[in-house]
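Database features, via TrEMBL:
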{"type": "DOMAIN", "residues": "4-118", "note": "domain 'GTP-binding protein TrmE N-terminal'"}
{"type": "BINDING", "residues": "ARG21, GLU78, ARG118, LYS425", "note": "(6S)-5-formyl-5,6,7,8-tetrahydrofolate binding site"}
{"type": "DOMAIN", "residues": "121-422", "note": "domain 'MnmE helical'"}
{"type": "DOMAIN", "residues": "216-301", "note": "domain 'G'"}
{"type": "BINDING", "residues": "ASN224, THR243, ILE245, THR248", "note": "K(+) binding site"}
{"type": "BINDING", "residues": "224-229, 243-249, 268-271, 333-335", "note": "GTP binding site"}
{"type": "BINDING", "residues": "SER228, THR249", "note": "Mg(2+) binding site"}
Amino acid sequence: MSDTIFALSSGRPPAAIAVLRISGPAARTAAEALAGRCPPPRRASLRTVRDAAGAPLDRALVLYFPGPATATGEDLVELHCHGGRAVVAAVEHALAALPGLRPARPGEFTRRALENGRIDLAQAQGLADLLEAETETQRRTALAAAEGAVGRAVAGWLDRLSAIAARVEAQLDFADEADVEDAGGYDPAPAISALLAEWHATLAAPSVERLRDGIRVVIAGPPNAGKSSLFNALVDRDAAIVTPIAGTTRDILEAAVMRDGIPYRLTDTAGLAEATDDEVERIGIDRAAAAIASADMLLWMGAPAVAPRGAVILAGKADLPDTGSNDADLAVSARLPDTVAALWALLADRARMMLAIDGDMALRQSQRDALADAAAALDLAARTSDLLIVAEQLRVATRPLAGLLGRDATEAMLDALFGRFCLGK
Ligand SMILES: Nc1nc2c(ncn2[C@@H]2O[C@H](COP(=O)(O)OP(=O)(O)OP(=O)(O)O)[C@@H](O)[C@H]2O)c(=O)[nH]1
C-alpha cells in the first residue's frame, strides 16, 4: 500500500491562508486524528486542528474528497489553515507524527495523478509548465496541455493510425485468403497524407521551450556595422561594449527581453569578418555562425546581396547621410529612437505570426521529437504502395506517439483498435 503524503500546496508562508493537502489511504484517518469527525465528502467544515496531545493548533476548514474521483486518484484531504509560519510548521509537524504519513516529494501529487490514470503524461508536463508560466502565451499553451489538449490530439492521431492500420491489415488478410495480387479496395494514401499534413503543421508551431525561453532574435553582419549599438538600444541598457574599433564584439552576447507580453532572447554576434588570424576572433565568428543557424529571426546589418536567407535586412547608421538603405527592409540607428521603435514593431509582427498556434497547442521539444519520428515513419508509408511496408511503418509511427501518453505502443494500438472497432473476429 502506498504512503500517505502531505504538503503545503499554497504559496510560501506567511500568507492569509495556507492549504495543506493530504493524499493516500490514510488521508481520512489523518483528518480525523487532527480535526475530529471527518466532514461529509466535498463539504467545507470548520474544525479545530489539534496535535497528538490534544493541544489546539489552529481553526481550519477541512475538506474531504474520497478517491478515486480526486486530483490524485486517492483519498484526499485539504486543510485550509491560517497562513502563518508557526501555524503551518505546527500542523506539518503534527501530520508527520501520524503513522503512515510523510511529507510529499516535489511533484508527487501530480505523479500519483499520472500513475492512477487521472492525467496523461502530456497533461502532467502541461501542469508543470503552467506553474512556471510567466507570460500570457505561456499560460494559454500550458493550460491547454494541462487540460489535456496535447493528450487528446495525440490520442486522436493514434486512433486514426489504428483505423488505417486495421484496414490495411484487413486488406492484407484478404489478399492472402483470396490469393490474388491486387485485392482492390482500400487506399490508405489520402488518410495518411491528411495525418502528415496535421503533423507538419503542429511541428511548424514553436515549442513550449521556445515560448518559455523567448524567440531567438540574432543580430549579425560585418564588423563595425553598428550591431552592438543596436543591441544596446533594443535591450535598453549598455550590455554590449561599443567602440569604433572593428571586431569589438568577440563573443556572442545574449539578453532576455520581454516586450508586449512576448519573450525574446536577443543575441549580438561578432562581426563576420572574411578572414582572421586571431584565434579568439575566429571562435567568436564560429559562435556567431552557430547563433545565426539557430535564430528564429535574423537581423542582418550588411549588404543585402550576402544576407542569409530569410533575414530581415537592416540598413544601419540611418542617421548618417548616404547609408544606401534602398534594398533594406528597414533603416535603423541606435541614435534614432523612432527607428528602434519601428524595429520593435516589425519584430512583434513576426513574433505574433510565429506564436499564433492553431488551437493553442504547443509541444515540448521531447514531444516534437517523438512526433517528428512518427512523421518520418509515416512519410515512408506515404511513399510506397506496398501494403506490407505501409503496415510496418504505421506500427513504427505508433510507438513514439504512444510513448507521449506514457502508454505502451502495442497496448495503445490495441486500446484504440478494440475501443473503436468491432471487426467481428
Ligand atoms: N552615426 C552612427 N554611428 C553608429 C551607429 N551605430 C553604431 N555606430 C558607431 O559605429 C561603431 C561600431 O559600432 P558597434 O555597435 O560596435 O558595431 P558592431 O557591428 O557591433 O561592431 P563589431 O563589434 O566590430 O562587430 C561605433 O563607433 C559606434 O559608435 C549609428 O546608428 N549611427
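A Cβ is built for glycine as well, from the same backbone N, Cα and C atoms used for every other residue.
Those TrEMBL annotations? Automatic predictions, nothing curated.
On the structure: features taken from TrEMBL.
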residue	record	DSSP (3 states)
ARG21	(6S)-5-formyl-5,6,7,8-tetrahydrofolate binding site	strand
GLU78	(6S)-5-formyl-5,6,7,8-tetrahydrofolate binding site	strand
ARG118	(6S)-5-formyl-5,6,7,8-tetrahydrofolate binding site	coil
ASN224	K(+) binding site	coil
ALA270	GTP binding site	coil
ALA334	GTP binding site	coil
Practice item. Return the residue, from the listed binding-site residues ALA270, ALA334, with the maximum count of other C-beta atoms within 10 angstroms of its C-beta. Key: ALA270
Practice item. Using C-alpha atoms only, work out the spacing between ALA334 (GTP binding site) and SER228 (Mg(2+) binding site) and round it to an integer in Å. Key: 9
Practice item. Check the binding-site residues ARG21, ARG118, LYS227 for other C-beta atoms within 10 angstroms of each C-beta and report the one with the most. Key: LYS227
Exercise for review: Using a 10 Å cut-off, grab the number of neighbouring Cβ atoms around the Cβ of ASN224 (K(+) binding site), all chains included.
Suggested key: 19
Practice item. Round to the nearest Å and give the CA-to-CA distance linking ARG118 ((6S)-5-formyl-5,6,7,8-tetrahydrofolate binding site) with LYS227 (GTP binding site). Key: 51
Study note, to complete from the structure: If you count the other CB atoms within 10 A of the CB of GLU78 ((6S)-5-formyl-5,6,7,8-tetrahydrofolate binding site), including all protein chains displayed, you should get 22
Review point. With respect to ligand 1, which members of the binding-site residues ARG21, LYS227, SER228, ALA334 satisfy a Cβ distance under 6 angstroms to one of its atoms?
Key: LYS227, SER228, ALA334
Review point. When you measure from the Cβ of SER228 (Mg(2+) binding site), how many other Cβ atoms are you left with inside 10 Å?
Key: 24
Practice item. Round to the nearest Å and give the CA-to-CA distance linking ASN224 (K(+) binding site) with ALA270 (GTP binding site). Key: 10
